[in-house]
Amino acid sequence: MVPKLFTSQICLLLLLGLMGVEGSLHARPPQFTRAQWFAIQHISLNPPRCTIAMRVINNYRWRCKNQNTFLRTTFANVVNVCGNQSIRCPHNRTLNNCHQSRFRVPLLHCDLINPGAQNISNCRYADRPGRRFYVVACDNRDPRDSPRYPVVPVHLDATI
């Protein structure tokens, strides 16, 4: 009985540890506000090819992100979208703080093509340029954000 209890406790600890690691892989780096991390991940007027552009994000995450979209617009333009009518977020249906752009913007979507890469310097991506509408979730700014924008984008929910 004691070995079974001990084994089950170790399994539980391992499972909780793995869940913590998995959760941390999706978390933003603590030195950034949600709006700052949004800008790093999704705003670039002229992104280089995906493999190069994704290095910045992957260096903070310590792993190869499966996919990402860069909007070829300014942060101020995305902030303006936060002023559009609120809608239910298409991919996070529990959220009602999303807003859809009124105009298509050029974008660059990046897809990881070697998911087994063990080192972030080996992450390789396929480039998929396009022109689409986008949906962002917006929240009140963090005290660490610029007071210039009281409401800021914090999540790219969809491109349409």
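Every residue number used here counts from 1 along the chain in the order it is shown.
Backbone N, Cα and C define each Cβ position, glycine as well.
Residues annotated as signal peptide in Swiss-Prot: 1-27.
Around the Cβ of His42 (active site, proton acceptor), a 10 Å sphere holds 21 further Cβ atoms from the protein chains shown. Secondary structure at His42 (active site, proton acceptor), taken from DSSP and collapsed to helix, strand or coil, is helix. Per Swiss-Prot, active site, proton acceptor is recorded for His42.
Under the DSSP three-state reduction, Cys50 (disulfide bond) is assigned to helix. What Swiss-Prot lists as disulfide bond is Cys50-Cys110 (among others).
Summarising the annotation, Swiss-Prot assigns 3'-nitrotyrosine to Tyr60. Counting Cβ atoms from all protein chains shown, Tyr60 (3'-nitrotyrosine) has 16 others lying within 10 Å of its own Cβ.
Residues annotated as disulfide bond in Swiss-Prot: Cys64-Cys123 (among others). Counting every protein chain shown, the Cβ of Cys123 (disulfide bond) has 22 other Cβ atoms within 10 Å.
Per Swiss-Prot, the feature substrate binding site maps to Lys65, Asn66, Gln67, Asn68, Thr69. Spatially close to Lys65 (substrate binding site) yet at least six residues away along the chain are Met54, Ile57, Asn58, Leu112, Cys123, judged by Cβ distances under 8 angstroms.
In this structure, Cys82 (disulfide bond) belongs to neither helix nor strand by DSSP; it is coil. Annotated disulfide bond per Swiss-Prot: Cys82-Cys138 (among others), in sequence order.
Under a cutoff of 8 A between CB atoms, and with a sequence separation of 6+ in the same chain, the neighbours of Asn84 (N-linked glycosylation site) are His99, Gln100, Ser101, Arg102. The N-linked glycosylation site annotation in Swiss-Prot covers Asn84 (among others) and rests on sequence analysis.
What Swiss-Prot lists as disulfide bond is Cys89-Cys98 (among others), and the listing cites similarity to another entry. Other Cβ atoms within 10 Å of the Cβ of Cys89 (disulfide bond), summed over all protein chains shown, number 19. The DSSP secondary structure for Cys89 (disulfide bond) is coil.
Long-range Cβ neighbours of Asn92 (N-linked glycosylation site) (same chain, at least 6 residues apart, Cβ-Cβ under 8 Å): Cys98, Ala137, His155, Asp157. Look at Swiss-Prot and you will find Asn92 (among others) tagged as N-linked glycosylation site, backed by sequence analysis.
Counting every protein chain shown, the number of other Cβ atoms lying within 10 Å of the Cβ of Asn119 (N-linked glycosylation site) is 8. Residues or ranges marked as N-linked glycosylation site by Swiss-Prot on the basis of sequence analysis: Asn119 (among others).
Here the Cβ of His155 (active site, proton donor) has 21 other Cβ atoms within 10 Å, regardless of which shown protein chain they belong to. Marked as active site, proton donor by Swiss-Prot: His155.
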Problem - Shortest C-alpha distance to Asn119 (N-linked glycosylation site) - which of the binding-site residues Asn66, Gln67, Asn68 - result: Asn66
Practice task
Taking the recorded substrate site as Lys65, Asn66, Gln67, Asn68, Thr69, identify the other residues of that chain whose CB atom sits within 8 Å of the mean position of the site's CB atoms, giving them in sequence order.
Solution key: Met54, His109, Cys110, Asp111, Leu112
Practice task
Quick one: pull the CA-CA distance for His42 (active site, proton acceptor) versus Thr69 (substrate binding site), whole Å only.
Solution key: 6
Completion exercise
Around the Cβ of Asn68 (substrate binding site), other Cβ atoms found within 10 Å total 20
Practice task
Have a look at the recorded positions Cys50, Tyr60, Cys82, Cys89, Cys110 and say which one has the shortest Cα distance to Thr69 (substrate binding site).
Solution key: Cys110
Completion exercise
Same chain, |i - j| six or more, Cβ under 8 Å of Cys110 (disulfide bond); the result in sequence order is Cys50, Ala53, Met54, Gln67, Asn68, Thr69, Phe70, Tyr125, Ala126, Asp127, Arg128
